[in-house]
Amino acid sequence: MLKRQCIAFAFIINCILVLGSPGDRLPKFKECVKRCDILTCGNSQGFNNPSKQELRSWKKEQLKEGLFQELPLDWSLQLLGWECFPNCDYQCQRLVTEDRRAKGEKVLQFHGKWPFVRVFGIQEFFSTVFSIANFVPNYRGYRMLRRNYRYEQVKGNTEIVNLLWGYLIISLVSLGAWTFSAIFHLRDTWTREKLDYYFAGATVLSGFYGIFCRVFRLHQIKANTKRRLFAIFLICCYIGHITRLTLNWSYTYNMQANVLCGFLQNIGWTYQSLNTFVYQSETKRGSASKKHIVKRIADALRRDFANPEVNWTLLPIVLVTSVCFGMSFELLDFAPLGDLLDAHAIWHFVTIWPAYYWYPYMIKDINYNIKQSKLK
């Protein structure tokens, strides 16, 4: 679920990467891909045919060295959607990378990605594993929200049900996002990449809906019309967003849209966190201050920053900050350790633990700051 908090930042990194990679432009890589395609794929890409002498030389070397995997591909590769030419691309990335290492040269990226070693056919093993690991706390959170949703339905607490419904949507979209993240990292294809981006955008937008409803109290019965109109507006925005990308894909536009929405969302959670912190702090004292909000926040921090009965309301700030810190690894992009673990995988790892705390926080926020307070 925390994926939505900082996913917009990831688009910046991805936009930089997709502009092109030096490995793609290496003559040796291009020649390798051409040779592999002609020898094992029947020249599926329509490369210029080599001379008969050159072709004989290639076949002789292939027979002796076995550089390229012959068809049919292993069942594990076929299961994950690997085809002949993409497999050639992968093999050449590995051959070129090992050759450069042997010569003491720098490891380069190909197609905006590092040349990972496949594990059981999985292209980005750790990113896949950590994406699946992120699914677990979000599924756990979904079940937690669903239990509370049904309980409040039975009790007839319509306003709480309205808010929990929004949170349930967020959790379901997050589950979809992590599912397609795992599928994308299993085997990188253009279709899977688009689905990963589409669901990432949906997490940002659904998260924006959730915090907007919480901050502006759209869960209240008197705000039913406003809440529904806002939901319809966001759905229309998302449909327009997907349509725009379908007709004319643009990483820049995608980045700008998600950065804006993600930024507003984080402002919302920060405001909500500080607002409830001040309320809880002043409630413990038995009276509300009439000072300026900045002074009220400062007073509350001075009094109750270390008070566990109050400081739990600051958890959203901690979680958002921690995930964004984890994403800073993207800026320190480095060749994968052991050709398996890169900065992007580390980010996915960092987002696992916050999700375990996020859902209980939302339930506690409802119980303490809505049910038992005047913050409605």
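Our numbering is plain: 1 for the first residue shown, then up by one each step along the chain.
Any Cβ shown, glycine's included, is placed from N, Cα and C.
Listed features, source TrEMBL:
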- 1-20: signal peptide (SIGNAL)
- 116-139: transmembrane segment (TRANSMEM)
- 160-185: transmembrane segment (TRANSMEM)
- 197-217: transmembrane segment (TRANSMEM)
- 229-247: transmembrane segment (TRANSMEM)
- 310-329: transmembrane segment (TRANSMEM)
- 341-359: transmembrane segment (TRANSMEM)
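Residues 194, 197-198, 201-202, 205, 208-209, 212-213, 218, 253-254, 257 of the same chain lie 6+ residues outside the transmembrane segment (229-247) yet bring a C-beta within less than 8 angstroms of a C-beta in it.
Contact count against the transmembrane segment (116-139) (Cβ pairs under 8 Å) is highest for 341-359, out of 160-185, 197-217, 310-329, 341-359. Away from its own ends, the transmembrane segment (160-185) comes close to residues 1, 3-4, 122-124, 127-128, 131-132, 134-135, 138-139, 141-142, 145-146, 148-149, 152-153, 192-193, 195-196, 198-200, 202-203, 206-207, 209-210, 213-214, 218-221, 224, 227, 348, 359, 362, 366, 370-371 of its chain (Cβ-Cβ under 8 Å, at least six residues beyond either end).
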